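Here's the structure we're looking at; comments come further down.
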């Protein structure tokens, strides 16, 4: 483990009696906390937000914050500060969130509402060019002919950060399981940057801070390239990453070889977490120091998984990129 942040469970938060939800370390790592809304909180939340269909949240962005306030009020106003504290805590920065009673694809709209409420307690979800909304829903099937690895089921989707090919700051990523049929495998893969064995050697390499070109395929609906280095630092000088192997465009032999070595070093890390995410649950991670990916699925002709993602910026004190410092 890197010396940057040793894992120290926040015993005060874990021992505290919370209103409307429970909190515990996940089975995979003390860095990843499991937060579960009680059945009563879930029922009251869905009742109070039933008047607004998801379309209303799409058209009136302030409603996303309103339903966040409803959820926080139901949790005795303990939820928002805990979410912010956890996600900004370098030693943690990740949550697996669920709500008792939300676990079926027939509740897809309710899932979007819940995830939206949580996300807008910490910041605001960015426009997603792939879907044209503040969130994107997409399906993984047994056969895929798309132009990126996002929907390809029979290979590992390598570890990466989101927001590498857009101008907007991407502080957080939310990934929710809406449906799953005939599925085996396909766990979410997570790696905390400070647990990566090779962080120091790559972060101190001369190419770590070189500005590189990033370009997305047509399905992303982004027509222009962006330029930034693989590594930056946060306000305390700690490493953060903006990296995805599919979209970085090395300009020469030196960059290409270094990027290939970086990819191999990430994928062979012994500290990658494999996290099952059942239907109705979602991961919420700090995108600056967590990388995420997906394990391969076992082939099945009727394989189907539907996911929903949101990604955006923290509206509170955050360690944004300090480019070229």
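From the backbone N, Cα and C atoms, a Cβ is placed for every residue, glycine too.
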For the Fe cation site that Swiss-Prot gives as 160, 162, the extra residue out of 47, 228, 292 is 292
Not counting 160, 162, 292, residues with a CB within 8 A of the CB centroid of the Fe cation site are 159, 161, 173, 244, 287, 291, 293
According to DSSP, residue 292 (Fe cation binding site) sits in strand
Row residue 292 (Fe cation binding site), column other C-beta within 10 angstroms, all chains, value 22
Row residue 160 (Fe cation binding site), column other C-beta within 10 angstroms, all chains, value 21
